[in-house]
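Below: one structure, written as structure tokens.
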Amino acid sequence: MGSSLFLQLLVNGLIVGTLYGVVAMCFVLIYKSTQVVNFAQGEFLLIGAWTCWWLVTSMALPFYVAFPMTFLFMMVFGIALQMIVLRPLIGEPVISVIMVTIGLSIFFQAVMKSIFGVWAQPFPEIFPVKSVDILGLSVQPAYLMSLVVSVVIMGAFAWFFKYSRMGLAMRATAFNQQVAQSLGISVKAVFATAWAISAMVSALAGVVVGMVNGVSSALSFFGIKVFPAVIVGGLDSIIGAVVGGLIIGVLENLAEYADGQYLHVGNLYTVAPFYVLVIILMIKPYGLFGTKTIERV
Amino acid sequence: MISSSLIPCGQFKTTYAADTTIFLTPASRYWCFAGILLAAASPLVLSNYLLALMIQIGFYGIAALGLNILVGCTGQISLGHAAFFGFGAFASAWLNNSFGVPVLLAIPLAGVMTTLLGLLFGIPAGRLKGLYLAIATFASQFILEDFFARANWFTGGSSGAMANPISLFGMELSGDKSFFYVVLFFVVVMYLLGTNLLRTRDGRAFVAVRDHYLSAEVMGINLTKYRILSFGISSFYAGVGGALYGHYLGYVSAEGFTILLSIQFLGMIIIGGMGSVMGTLMGTAFMVLLPEGTEAAVSTIKHFTGDIPALTSALAYIKEAAIGLAIVLFLIFEPDGLVHRWRLIKSYWKLYPFSY
């Protein structure tokens, strides 16, 4: 019993971890290119998932139509958010930028709750719910699909940053805004693209999680879990975000295992990542892969 | 940020001592006394409901002042203020219930306990700044919330703790009217202490750390010491405010001290004006009255359109959304807060018919 449960939790951790990794990647994308810490990342998942859910259930659209529409909506949403709210704050102190994203997060969460209610709504069945057996472990197909989707997204990110023109422009902007601008890169366009991509990919993650667990405001908790992941990985490293996400996902499930089997303190599942966060911040604030440029005092 | 307010003509200072008085002008001193007197007389006129709102402004205002000293004056970000506020509430109830410490003494003692906790959680502040500190305090909020839910001996666990009302000379001060005076007393004392702190060497050191930490260090300010000290002081304020909150409600439970309250505290000081003592109180009043204002607005809409069930059921969320929206709008349109707006109004009337 013990070891099979352990394995099961490990696999769960890896799957949830890849999702954390994807969301963390979106977070890092925004931080890296626009220097904004996005506390509203979880709300992107929430908004994306609710939009898709609404299109599929209330509008009765087939999933393959609703999904691209959600994507389109999130793209517009991300760009609008950047242009209306974040652009006036360029050059303001860190606290203002942090507080604006926190304010947005409260606002969107409340708006979503008032529109769609607080209860979890199940997604109509798109993939079979029956678990499949892989090496004696039962895994939900939606989870498997989320694993595949996550890996595809990660690959797409790698390709985007390495080979595409926009990706190159983004890397240049992240490296040095003024130099990038003098080379003819439109920093405004880069900022808008970063937010758009981040919103779209987060929405994708939101839809995937929504399919498995149902859509509810609990989705925004992903945005909070992102912080341990990005700090462990390093705030400005895309690879770090993926690794950090995996580590946090596995750690969370191991904490649950240790909790259930030996410690019996309860709730360790949610708090353990934050202990790790504080410890990492104390000993290695730039994380595993981050650049060591932060000022130490 | 804090800046010299409008000093009227003829108010020139010839000594350093005169330049660092608590009240910069005699007029501001008289206004302040008048304000306190007015507040003290208000229970005679105001209804219990309005009085309850004033009491809320009082204890939240005390905690918000602590946060303003930390964020506005020292430039350290804390996303975990509500946890310290809650710790103060639990600590005061615990001291009173377990050791029989009189409540009036337990409140400042709770403040001291919270200070110790704040110093402990402030240690990362000695090493981190800006965004990293924000994330560290964010984590400490969750860690403390978890502690509240778990530490049965201290908080009563999930069922919460009872907090006895304040008694003085055998009289129980439990009604809104009598509790109002207790809160008023604490507000006056804490705000005086806060204003006083900002004109001492330590207070000016905080501002120096905020404005340019390298220059501050060159001038002989121990950065680590002052950053952690600032955390301690802010926690003291949070603890006292929290203790008052606990004894006012008579019951403390962990659900009250979530991240949302932390954000509300930050909202208070942003809306009021960062680094301004006066602004803290304005911002707190704004934040406490905002849900009431929202409710009034919603009922006005309903008055014109007839009852909309969706609007009624969504009222709680509309209030929550209003908080977020207020923070965002203030940061975009008035980043210096209400206190700046107040100064603009004053200067407008000072020069009234000829504005140039």
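Placement of Cβ uses the backbone N, Cα and C atoms for every residue, glycine included.
Here is what TrEMBL records for this protein:
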- A:6-31: transmembrane segment (TRANSMEM)
- A:43-65: transmembrane segment (TRANSMEM)
- A:71-90: transmembrane segment (TRANSMEM)
- A:97-120: transmembrane segment (TRANSMEM)
- A:140-161: transmembrane segment (TRANSMEM)
- A:189-214: transmembrane segment (TRANSMEM)
- A:226-250: transmembrane segment (TRANSMEM)
- A:262-283: transmembrane segment (TRANSMEM)
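Comparison of A:6-31, A:43-65, A:97-120, A:189-214, A:226-250 by number of C-beta pairs under 8 angstroms to the transmembrane segment (A:140-161) places A:6-31 first. Of the Cβ pairs linking the transmembrane segment (A:6-31) with the transmembrane segment (A:226-250) and spaced 6 or more residues apart, 3 or more are under 8 Å, so the two regions touch. Residues 34, 36, 44, 47-48, 51, 96-97, 100, 104, 188, 191-192, 194-200, 202-204 of the same chain, all 6+ positions outside the transmembrane segment (A:71-90), place their C-beta atoms under 8 angstroms from a C-beta of that stretch. Residues 23, 26, 73-74, 77-78, 104-105, 108-109, 112, 115-116, 121, 123-124, 126, 198-200, 202-207, 209-210, 215, 217, 219-220, 222-223 of the same chain sit 6 or more residues outside the transmembrane segment (A:43-65) yet have a Cβ under 8 Å from a Cβ within it.
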